[in-house]
């Protein structure tokens, strides 16, 4: 899988974000019976200030968040809890942004290793790029089951 990572905050240098992203993305695509070699994703590794600006611009929420995603195309199913349409996907799946301070704070508050939490958020963001969401209870249940299963492949405990 081709992953283009832009490090926009120095805190990220302490983590192997490239390795975490590669493992998380390959596990996600493989779990969904997709060939990781067919796809690409871009990741912006930023700070809370940058992601708050993006969150304001794209979601109208002037606060930091852990991860934002921008799918390259709309793949969401019409039926709540249904699988998105995963055939004929564009090679470029979309873009993610991760905020270091928010991710680190959430990991510490949850007693989770930061790399495990980052892996979870990459899986979560990639699933959004593939058309999954958590707008309804049925959608959230499907997405959480997938995340838990994919993270188990990576040796990451159930985040829920």
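A Cβ is built for glycine as well, from the same backbone N, Cα and C atoms used for every other residue.
As given in Swiss-Prot:
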type    : residues      : note
BINDING : 124, 128, 134 : Zn(2+) binding site
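Taking all protein chains in view, 24 other C-beta atoms sit within 10 angstroms of the C-beta of residue 124 (Zn(2+) binding site).
Cβ-based crowding with a 10 Å cutoff singles out 128 as the top-ranked of the binding-site residues 128, 134.
DSSP assigns residue 124 (Zn(2+) binding site) to a helix in the three-state reduction. In three-state terms derived from DSSP, residue 134 (Zn(2+) binding site) belongs to neither a helical nor a strand segment and is classed as coil.
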